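Data first, discussion second: the structure below is written as structure tokens.
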Amino acid sequence: MWTGLGPAVTLALVLVVAWATELKPTAPPIFTGRPFVVAWDVPTQDCGPRHKMPLDPKDMKAFDVQASPNEGFVNQNITIFYRDRLGMYPHFNSVGRSVHGGVPQNGSLWVHLEMLKGHVEHYIRTQEPAGLAVIDWEDWRPVWVRNWQDKDVYRRLSRHLVAIRHPDWPPERVAKEAQYEFEFAARQFMLETLRFVKAFRPRHLWGFYLFPDCYNHDYVQNWETYTGRCPDVEVSRNDQLAWLWAESTALFPSVYLEETLASSTHGRNFVSFRVQEALRVADVHHANHALPVYVFTRPTYSRGLTGLSEMDLISTIGESAALGAAGVILWGDAGFTTSNETCRRLKDYLTRSLVPYVVNVSWAAQYCSWAQCHGHGRCVRRDPNAHTFLHLSASSFRLVPSHAPDEPRLRPEGELSWADRNHLQMHFRCQCYLGWGGEQCQWDRRRAAGGASGAWAGSHLTGLLAVAVLAFT
């Protein structure tokens, strides 16, 4: 009898371990319901009427969301609140003049909160539909030590304000008090802002642009030894912001590539570790779920209009998809649409390179979700540092023109082969959406919620043990 139960117990233990190592569930996708969203947030609406070079509308349908960061656009699926669009954000302007108190402890949180309703209502005018809301406050950072270089003005003024009140204090005491006052006020400004806007527009996912960051820009000084890894001290500092992650409902890191990193493994490592850090933060600071991560990138290299190479499309969009991000937001400013020539270059790049890659990755992520996760989760690379991507297999699929007017210019034709499914099984696992569980997101936790969640989990494990016993006795 006991020898017969040996393999059953072994199998049951394997199943229990697999259950225990399940990824935390995350928010289901918004917009189109796809597991990986690609959004276009570039003010290209000017290319047609102003420069007589409109982008191909069928190319633009490849994106799940289209928006513009320009001032005149409201009620969009993606809304970016720059510093002058949300309340009274204390900061110093480009000429060094104090605005709204300069430093957070010198600003009026009460007046700031009083103004939020009108500003949010102006840009997001209705509760529905759900969308992304990104607060872009970049002038100071809530962790004192991170206010280096041109941001040191916030530390200097903070020390000055304390020294005025306590002229007899030694510099060390002044600095310590200044840090406390700055960090406390910064925290209050960010926390209370999030709490207010979440209550006012609860269907939107809210977070701060560039949070978290991992400060892995040392490729300029250390090209030969650069790994892309986030310094341990910066990972620790991100954990000091647990209060921010707990209040956020989405994370919005940035992976803009400098041309220095073009078509290099350094570029891929730079992106990969930034996204991995965002996913780590998204996972560890919530007990029962992981926050969705939407990665900001650009269709071009930073500070220019040169389109990303194929390798760098893979290193940015492809890497984000394979690691398990909820999506990418392709952002650009008015520099993309200053003339007929800039619009033409962008239009050609979209048709030639960007749109075919976006269609490929979007559909590959969708097929993986269907095949691996029953459509109730997204595929996540088992080994974050592996060189495996969510790409349609060239032996099973091809992109063909779509002639339907309401569809993107390209669509995939083909189906997953046995080899494709085996590859996905080997290299990717599922992160289920909230309400679903199991290795392949096959268990409807909402249906099982008639009993306590603990009782449901227990009955599930009991079932696994029973199956194992039946199989080996």
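For all residues, glycine too, the Cβ spot is worked out from N, Cα and C.
Taken from Swiss-Prot as is:
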ACT_SITE  GLU138  active site, proton donor
DISULFID  CYS47-CYS343  disulfide bond
DISULFID  CYS214-CYS230  disulfide bond
DISULFID  CYS368-CYS379  disulfide bond
DISULFID  CYS373-CYS430  disulfide bond
DISULFID  CYS432-CYS441  disulfide bond
DOMAIN    364-442  domain 'EGF-like'
CARBOHYD  ASN77  N-linked glycosylation site
CARBOHYD  ASN106  N-linked glycosylation site
CARBOHYD  ASN340  N-linked glycosylation site
CARBOHYD  ASN360  N-linked glycosylation site
LIPID     GLY451  GPI-anchor amidated glycine
SIGNAL    1-20  signal peptide
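Feature annotations (Swiss-Prot) mapped to structure.
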{"residue": "CYS47", "record": "disulfide bond", "Cβ neighbours (10 Å)": "22"}
{"residue": "GLU138", "record": "active site, proton donor", "Cβ neighbours (10 Å)": "12"}
{"residue": "CYS214", "record": "disulfide bond", "Cβ neighbours (10 Å)": "23"}
{"residue": "ASN340", "record": "N-linked glycosylation site", "Cβ neighbours (10 Å)": "13"}
{"residue": "CYS343", "record": "disulfide bond", "Cβ neighbours (10 Å)": "22"}
{"residue": "ASN360", "record": "N-linked glycosylation site", "Cβ neighbours (10 Å)": "22"}
{"residue": "CYS373", "record": "disulfide bond", "Cβ neighbours (10 Å)": "26"}
{"residue": "CYS379", "record": "disulfide bond", "Cβ neighbours (10 Å)": "27"}
{"residue": "CYS430", "record": "disulfide bond", "Cβ neighbours (10 Å)": "27"}
{"residue": "CYS441", "record": "disulfide bond", "Cβ neighbours (10 Å)": "24"}
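Secondary structure at CYS379 (disulfide bond), taken from DSSP and collapsed to helix, strand or coil, is strand. The recorded positions recorded for this entry are ASN360, CYS430, CYS441, and the Cα of CYS430 lies nearest to that of CYS368 (disulfide bond). For CYS441 (disulfide bond), the disulfide-bonded residues whose C-alpha atoms fall inside a 10 Å radius of its own C-alpha are CYS430, out of CYS47, CYS343, CYS430. Using DSSP to sort the residues of the domain 'EGF-like' (364-442) gives these counts of helix, strand and coil: 20 helix, 23 strand, 36 coil.
Residue pair CYS430 (disulfide bond) / ASN106 (N-linked glycosylation site) shows a Cα separation of 47 Å. Under the DSSP three-state reduction, CYS343 (disulfide bond) is assigned to helix.
Candidate recorded positions: ASN77, ASN106, CYS373, CYS379. Nearest to GLU138 (active site, proton donor) by Cα distance: ASN106. For the disulfide-bonded residues listed here (CYS230, CYS368, CYS432), the lowest count of other CB atoms within 10 A around the CB belongs to CYS230. A sphere of 10 angstroms centred on the C-beta of ASN77 (N-linked glycosylation site) encloses 18 other C-beta atoms.
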